[in-house]
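Visitor: Taken from Swiss-Prot, the feature active site, proton donor applies to 186, supported by sequence analysis. What Swiss-Prot lists as substrate binding site is 133, 163, 275, 277. Under the heading disulfide bond, Swiss-Prot lists 200-220, citing similarity to another entry as support. Here Swiss-Prot flags 58, 124, 230, 303 as N-linked glycosylation site, drawing on sequence analysis. What Swiss-Prot lists as signal peptide is 1-31, and the listing cites sequence analysis. As annotated by Swiss-Prot, site 'Transition state stabilizer' applies to 185, with the evidence given as similarity to another entry.
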C-alpha cells in the first residue's frame with residue numbers, strides 16, 4: 001500500500017526546502033532555537049536545503065482579521081486540489097475553537113504556529129457525547145506529507161468523559177515538530193502509517209498515546225495528568241491486530257513524568273507504561289527517562305485478563321531514572337527480557353520509518369537516525 005501511495009505523496013526536495021526556510025523564519029520570530037540533527041552533516045542534499053531562503057506562507061490565519069483568513073478551515077479550503085508541493089499555512093497566536101479534518105486528497109499541508117502554547121486548536125468532543133473515538137478528534141489528518149510545527153492541539157473534555165482525541169494522524173510521512181498535544185483519555189491517536197514526533201509535549205491519563213501507526217517519538221515530554229478518582233493511568237495502548245503488521249509505538253529519549261497535581265488524589269493513582277489494546281500490541285521505550293511514579297511491573301493487562309500477554313511485544317532498552325528498573329517487570333511471554341541493542345536498532349527512526357527513502361532528511365527537521373547519545 002505504501003508503494004502505491006508514494007507517487008502522489010512524495011514531497012520534492014525544493015518544496016521541502018521552502019518549508020525549512022519558512023520554519024526557520026518562524027523559529028527566529030518566536031525565539032525558538034532550532035538544532036539540526038542529521039546522519040551526515042556533510043550531506044550535499046542537506047547543504048542545498050539550507051541554502052534556500054525567502055519562503056513565504058501561502059496563507060495566513062489570524063483571529064483579529066490581520067491575516068487572509070480568520071479560521072483555519074477557510075485557509076484549508078484554499079489548498080489546491082491534487083496539491084503536490086507544501087501549502088504553508090501560518091497561524092497567528094490565539095485559541096482557535098475549530099474541528100479540523102484534513103482529507104486524504106489534501107496532501108502536503110503545512111501548519112505553522114507562533115508557539116505550542118501560543119497557537120492552540122481546541123475542542124471538547126468525547127464518546128460521552130455520542131461520537132465514536134475516531135470522530136471525537138479536534139484535528140484529524142488523513143492527507144500524506146503533513147507537517148505541524150509550533151502548534152498546540154487540545155481536547156478539554158476532561159478525565160470523566162472517557163475517550164476524547166486531541167490529534168489523530170492517519171497520514172503517511174507525517175511530521176509533528178515542537179507541538180503540544182493535550183488531553184486526558186486517548187489524547188494522541190497515532191492511527192496508521194508512518195509518523196514522526198520530535199520535541200513535543202503529550203499529556204493525558206488513560207491510553208493517551210494509542211493506535212497502530214508506525215510512530216516514532218523522539219525527545220518528547222510525556223506527562224501523566226491527574227486522572228479521575230480510582231482511575232489507573234496508561235501511557236500507551238498500541239493497536240496491532242496481526243503479527244505481520246508493521247505498527248508500533250516507539251519512544252526514544254523521551255521523559256515520562258507526572259504532572260504537578262498528579263499526586264493530589266487520595267488514594268493515589270497507579271500508572272503503567274502501557275497495556276495491550278489489541279492482541280499483538282507492540283511498544284518499545286528506549287533511551288528514555290522514566291520517573292518513579294511508574295509501577296514496578298511496568299505494564300498492565302487489559303481489564304485484568306490474559307488478553308495479549310503472550311502475543312504482545314513490550315521492550316525497554318537503556319532507559320534511566322528511578323522508574324526504569326527492570327527487576328520487577330511483568331513476566332509475560334510478550335515482555336522482551338533479552339532485548340538487545342541490535343533489536344533496538346531496528347526500531348530507530350532511520351531503520352523503522354525512514355528506511356531507504358530518506359524522507360525525514362529531505363524534510364530537514366531535527367532528527368536522529370540511530371541510537372542517541374544520552
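The backbone N, Cα and C atoms fix where each Cβ goes, glycine too.
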Visitor: Give me the sequence-ordered set of same-chain residues, not including 133, 163, 275, 277, with a C-beta within 8 angstroms of the centroid of the substrate site's C-beta atoms.
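Guide: The surrounding set, listed in chain order, is 185, 186, 206, 207, 210, 237, 239.
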Visitor: Test of understanding: give the count of other CB atoms lying within 10 angstroms of the CB of residue 200 (disulfide bond).
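Guide: For residue 200 (disulfide bond), the count of other Cβ atoms within 10 Å is 23.
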Visitor: Could you check what DSSP calls residue 124 (N-linked glycosylation site) once collapsed to helix, strand or coil?
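Guide: Where residue 124 (N-linked glycosylation site) sits, the three-state DSSP reduction gives coil.
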Visitor: Counting across all protein chains shown, how many other Cβ atoms sit within 10 Å of the Cβ of residue 230 (N-linked glycosylation site)?
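Guide: The Cβ of residue 230 (N-linked glycosylation site) has 8 Cβ neighbours within 10 Å.
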Visitor: Go through the recorded positions 58, 185, 186, 200, 220, 303 and tell me which ones have a CA within 10 A of the CA of residue 163 (substrate binding site).
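Guide: Near residue 163 (substrate binding site) by Cα: 185, 186.
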Visitor: Residue 133 (substrate binding site): which of the recorded positions 124, 185, 200, 230, 303 is the nearest Cα neighbour?
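Guide: So, spelling it out, the nearest of the recorded positions is 185.
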Visitor: Roughly how many Å separate the Cα of residue 200 (disulfide bond) from that of residue 277 (substrate binding site), to the nearest whole number?
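Guide: So the alpha carbons of residue 200 (disulfide bond) and residue 277 (substrate binding site) sit roughly 24 Å from each other.
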Visitor: If you compare CA-to-CA distances from the residue listed as 'active site, proton donor' to each of the recorded positions 58, 220, 230, 275, which comes out shortest?
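Guide: Result for the residue listed as 'active site, proton donor': the nearest of the recorded positions is 275.
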Visitor: Per DSSP, to which secondary structure element type does residue 277 (substrate binding site) belong, with helix, strand and coil as the options?
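Guide: In the DSSP reduction, residue 277 (substrate binding site) maps to coil.
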Visitor: CB neighbours of residue 186 (active site, proton donor) within 10 A?
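Guide: By my count, 29.
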Visitor: Count, for each of the recorded positions 58, 133, 163, 303, the other C-beta atoms lying within 10 angstroms of its own C-beta, and report the residue with the smallest count.
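Guide: Relative to the other recorded positions in 58, 133, 163, 303, 303 has the fewest Cβ atoms within 10 Å.
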